[in-house]
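Pulled from TrEMBL, these are the features on record:
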ACT_SITE  ASP20  active site
BINDING   ASP20, GLU203  Mg(2+) binding site
BINDING   21-25, ARG33, HIS37, 65-67, TRP69, ARG71, ARG184, 190-192  substrate binding site
ACT_SITE  ASN68  active site, proton acceptor
Amino acid sequence: MHTDHINLVSIPRHIAIVMDGNGRWARTRHLPRTEGHRRGVKSAREVIAACAERGVEVLTLFAFSSENWRRPKSEVNALMELFVAALRREVGTLVEKGIRLRFIGDRAAFTDRLQEAMLDAEARTRGNDRMTLLIAANYGGRWDIAQAAAHLAGNEPVPAECGESVLASGLATAGLPDPDLFIRTGGEHRLSNFLLWQLAYTELYFTDVLWPDFGAAELDSAFADYGRRQRRFGRTGEQVESSV
């Protein structure tokens, strides 16, 4: 499916993706798990470019969850090295394509070398405005809500009208639209502690395709499915249709 076959109205402003299936992709090919992660970087590169070309405003990729530290130490170390290498290799392309890179999550657990690479990549792309790419690294949805609540509690006096917008202003994604479309590859049907607050009204799309096999064509299939849905936000179907 090509870009010109997609109704531009059906292009989500913000897409959030759980990139699942790297390990299984490698295992079925009798390769090390790290090889699956390397191939996953290639898929991420293709999807980032495709999203920018199709007019997506924000793309959030779940790169490393706060629970991923429980994986074998050798795999975690390999992931960290891959992370640093990918950042240094890809940041130039992001600059050329006008994509701004931001990281969300608790960076304190990462090595100084990785934190420096993250800061450098953010600084080099800060002036870009074609698309914002959020990389969720050492991120957890519960952590995000907890740190937003702590931020709010530290701002005394606490506003009398402590509504949703006040708490949302302390989230890692503050200032950005909530995701319109959530994609999870790899066949699992769960959120895995990802953007728990932000996904309240998001359309969910699950595919059996493993992340290393997911590219622009699969992205377009997700867009086509999204375009057939009616987003109601609590209203009836008749109300939505009458407001169009």
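Cβ from N, Cα, C; glycine included.
Heads up, TrEMBL stuff is auto-annotated, nobody curated it.
If you draw a 10 Å sphere around the CB of GLY23 (substrate binding site), it holds 21 other CB atoms from the protein chains shown. When the recorded positions ASP20, ASN68, GLU203 are screened for a C-alpha within 10 angstroms of the C-alpha of ARG184 (substrate binding site), the residues that qualify, in sequence order, are ASP20.
Cα spacing between GLY21 (substrate binding site) and the residue listed as 'active site, proton acceptor': 14 Å, rounded to the nearest whole number. Neighbour counts of Cβ atoms within 10 Å were compared across the binding-site residues TRP25, TRP69; the minimum falls on TRP69. The most densely surrounded of the recorded positions ASP20, ASN68, LEU191 is ASP20 (count of other Cβ atoms within 10 A of its Cβ). With a 10 A radius on its CB, SER66 (substrate binding site) counts 19 other CB atoms from all the protein chains. Spatially close to GLU203 (Mg(2+) binding site) yet at least six residues away along the chain are PRO12, ASP180, LEU181, PHE182, TYR226, ARG229, ARG231, judged by Cβ distances under 8 angstroms. Note: HIS37 (substrate binding site) has non-local neighbours ASN22, ALA26, ALA78, LEU79, LEU82, i.e. same-chain residues 6+ apart with C-beta under 8 A of its own C-beta.
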